[in-house]
Structures are given as structure tokens and as C-alpha cells.
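These notes are about the structure you will find just below.
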Amino acid sequence: MKDAKAPLPKADVSGSQPVSEAAAGAILTIDLGAIRENYRRLKARLAGVRCAGVLKADGYGLGAAPVASALMKEGCDIFFVALLGEGIALRKALGPGPGPDIFVLNGLPPGSESEALAAGLHPVINSAAQLRAWREAARAAGRKLPAAIQVDSGMSRLGVPREDVEALAKDAFDGIDIRFVMSHLACADEPRNPANEAQRLAFERLRKILPKAPASLANSSGIFLGSAYHYDLARPGAALYGINPTPSETNPMLPVVRLQAKVAQTRGVEDGAGIGYGHTHHARGPLRLATISLGYADGWHRRAASAAWFDGVRLPFVGRVSMDSIILDVSALPAGKPGEGELVELIGPSQSLDDAAAHAGTIGYEVLASLGSRFHRHYVGG
Ligand SMILES: *Cc1c(COP(=O)(O)O)cnc(C)c1O
């Protein structure tokens, strides 16, 4: 259990042991100052509307506790996690209250209400059964308990289905302090998609059926759809972490993450040499190769045809990504470069998170959420 006043934890909230920079095969640098600046940029765009921080999946892989501490310095006092376990770990890391409000987006699994209550966590209620269970928890606790109510305005994922909202509204809300009514957008990163307006109108209609409460609709991209989507509280995740919330335009956010891997070994190979598992690649002419200490166990997808960078030079992956290593073609660099132990860049100034994700055939969200636990994590700008 960490003291609330202790310095920023270096380990993630799952409690894995931090590894030293010298011992690590790869180094993940997380710029908490950039996260704070991104929060300020979103706040400026929200012009007075409250702004939460979404910290699900251990703060999109960057460490929910240090990210929360950084955001709290900017005045952020509402956080969202996906799972109850994440909320319990976050509360533990931040120390006992009165702390920020922490909401559990996926709702509480039946029977877990007392655990949520003990950790001072608030459910996002997604069904009539969850409402009943939380009402019962409030009755047993003998006091009003905060919660959010989520309605499904058209994503068909979580939240009270449209056709059930009327019945839910007739249900009893005694013992429940409805902090806000919320919904989630399916296509917010496509500003011209008519689904956005359709969801906004559905949300408008549904929230009026329910008891009067503040409203929340926008994720990161939703903030950029305009003030009609802002309501009383925005819930950005991705944009805080430097993912572009406006994929068709220049990224308005600061980059947050830098990922560098160490060269474990270099070698020269002859024309025709088979490279990596399955010999999926054969050298055409003599090549110089560098093997780096990062692989699919660190979240770099096995099928990713990707590249690393060194001194502004692109170093393509050759052969298959292994569990703990990737082979790079470094023939474009001067002899002796990179040296063993030197760092190549996977994400950083030469290759943005979104570009690295695109080359790997995925999105920045998945790259961040897949980041492994073996890196040396270096927090700067806290
Ligand atoms: C993940 C999530 C968010 C944050 O979305 P971003 O696109 O990362 O900003 C907000 N609300 C809900 C319900 C979510 O699941």
C-alpha cells in the first residue's frame, strides 16, 4: 500500500517489478508533462466543461497511477476505468480518499458491489439488474451511493438499451446519487459520419426520460465534433496519450511515448542467408543485421512488417518477429552502427505512435494497450 504523498510509482499498478535501464532490453519513456499539456489543450477546447481522464487498461498501458497523479495536478478529479479490479488497484495506488471519483465503465459483476463500495468506486450502471444491485448496496450501507447511468444511444455495446430506458426511468432511484447520465459514440473519429448526429439526438431524447442529471457523451474524438457534443463532462483517453483524435487532420496533441530497444547483437550475413524463424526472408546480397531485444512478448505484433529508426535512418524488420527479438536490416548505416547496447527507436520523433501502429496494421490504442511489462519505464516531466 503506497502513501498518498510518496513519489510517483515507477512500477505499473499491477505491481510488476521495475527493471533498471541498464538491465532492460527496451526503454519506454512516458512524458507526464506532455499528458498534462494534452489535458490543458482539451480543457481549452472544452471551454469550461469538466474533463475526466480515462485510465482503463492501466492508463492505456502507460501506468494508471502515475498518469492519474499527473492529471490531478491539472485539477482532474474524475477518472474512468473499465474493470472493477483496475479501480481497486488505482485507488490503492492513489491512497485512501478523499480522492478523485473513480467510475467503472463496464459496470460491476453481480456480487462485487461490496468490493466496489469498500474501495470507494462508483459503478456505471448499464442495466436494470445493476441498478437494483446498487440500490440494495446503498440500502445495506445506509447512505446514498454515487453512480453514473449509461444509455446505449446506438453503439450496441454497453449501456441500457434504448427500448428499456423508459421502464428503467420508472424504477426507483432511491439511495442512488446519479452523478451523470452518459453514452458513448461509435464513430466520433469520422466527423462526417451521420451516426454521430444520430447518436447525439438519441442521447438527447433518452436522457430526458431519466431523472435530471448532468450529461456526458464525448470521448477524445467527440470533443473535436464541436460544443454540441460536450455537455457537462468529457471523457478523453487516447488524446491525453498522444493518439490523434482527428485522424484526417494533423495531430493537435503532443506525443507522450517514446519506445527504444537495445541492440543485443549485430552480424553480417552472406547472400542467400536465411533470416529468422521459418526463413521467411533470405538475404539478397550481403547484409548487415542488428537484433534488438523486443518482440511479440512486448506487444509488437508478430505479423507486423515494420521498421525501427537510428540517427534518422529507417531500419526495416527482416524475417519474423520473435518472442523476445526482432532482426533489423542495418545495411543503410555506416559500418559499426548501431553498436551493441545502443538504442534504436520504435516510437518517437522519427516514427509517431500512430505511424508505427499503421505500419503494424493496427491503431495507436492497440499498440499502447499491448505494451509489455519488461520495459524499463522512465517517467519524465511529472
Ligand atoms: C474508452 C472510452 C472512452 C475514452 O475513449 P478515447 O477514444 O480513448 O478518448 C470514453 N468513454 C468510454 C465509455 C470508453 O469506453
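Placement of Cβ uses the backbone N, Cα and C atoms for every residue, glycine included.
Neighbours of LYS56 (active site, proton acceptor), defined as other CB atoms within 10 A of its CB across all chains, total 19. Positions annotated as active site, proton acceptor by TrEMBL: LYS56 (among others).
Sequence annotations record features per position, and here TrEMBL assigns N6-(pyridoxal phosphate)lysine to LYS56.
Residues annotated as substrate binding site in TrEMBL: ARG157, MET323. Cβ neighbour count for ARG157 (substrate binding site) (all protein chains, 10 Å cutoff from its Cβ): 10.
According to TrEMBL, the feature domain 'Alanine racemase C-terminal' maps to 256-380.
As annotated by TrEMBL, active site, proton acceptor applies to TYR277 (among others). According to DSSP, TYR277 (active site, proton acceptor) sits within a helical segment. A C-beta separation below 8 Å, combined with a sequence spacing of at least six in one chain, links TYR277 (active site, proton acceptor) to GLY319, ARG320, SER322.
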_Alpha-carbon spacing, LYS56 (active site, proton acceptor) to ARG157 (substrate binding site), which is rounded to whole Å_ = 16
*Tell me the Cβ contacts of MET323 (substrate binding site) under 8 Å, same chain only and six or more apart in sequence, or just say none.*
GLY295, TYR296, ALA297
*asked:* Looking only at the domain 'Alanine racemase C-terminal' (256-380), how are its residues distributed among DSSP helix, strand and coil?
replied: 20 helix, 46 strand, 59 coil
